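Working notes for the structure below.
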Amino acid sequence: IGMVVECKDGYLMGPDGCKLDCLMRKGTFCAETCSLRKGKDGYCYAWLACYCYNMPDSVKVWERATNRCGKGK
């Protein structure tokens, strides 16, 4: 019996609804943070934001359509 687990890629979101920044963080910050959120791997995209691979669908990622960054809560 096989089981299919949905996974997604995307930018991690901070509590403010913005992409999780990585500019002034150690080089392994994104990979470690993605791993903590059950993602397979991640990296700091253009030294600006953490991008993760193979995360569970339950993890919220930044999406242009639902962007609330800088718009209050």
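From the backbone N, Cα and C atoms, a Cβ is placed for every residue, glycine too.
As annotated by Swiss-Prot, signal peptide applies to 1-7.
According to Swiss-Prot, the domain 'LCN-type CS-alpha/beta' annotation covers 8-70, on the basis of sequence analysis.
The annotation disulfide bond is assigned in Swiss-Prot to CYS18-CYS69 (among others) on the grounds of sequence analysis. According to DSSP, CYS18 (disulfide bond) sits in a coil region rather than a helix or strand.
Around CYS22 (disulfide bond), the C-beta neighbours below 8 angstroms that are at least 6 residues distant in the chain are PHE29, CYS30, CYS44, TRP47, LEU48, ALA49, CYS50. The disulfide bond annotation in Swiss-Prot covers CYS22-CYS44 (among others) and is backed by sequence analysis.
All protein chains shown were included, and the count of other CB atoms within 10 Å of the CB of CYS50 (disulfide bond) stands at 27. The disulfide bond feature in Swiss-Prot is assigned to CYS30-CYS50 (among others); the stated evidence is sequence analysis.
Swiss-Prot lists CYS34-CYS52 (among others) with the feature disulfide bond. In this view, CYS34 (disulfide bond) is surrounded by 24 other Cβ atoms within 10 Å of its Cβ, with every protein chain counted.
Every protein chain considered, the tally of other Cβ atoms within 10 Å of the Cβ of LYS71 (lysine amide) stands at 9. Taken from Swiss-Prot, the feature lysine amide covers LYS71, and the record attributes it to similarity to another entry.
The Cβ of CYS69 (disulfide bond) has 11 neighbouring Cβ atoms from other residues within 10 Å, across all protein chains displayed.
Of the listed disulfide-bonded residues, namely CYS18, CYS30, CYS44, CYS52, the sparsest Cβ surroundings within 10 Å are found at CYS18. Taken together, the residues of the domain 'LCN-type CS-alpha/beta' (8-70) have an average pLDDT of 94. Residue counts for the domain 'LCN-type CS-alpha/beta' (8-70) under DSSP, helix first, then strand, then coil, are 11 helix, 22 strand, 30 coil. Under DSSP, LYS71 (lysine amide) is assigned to coil, being neither helix nor strand in the three-state scheme.
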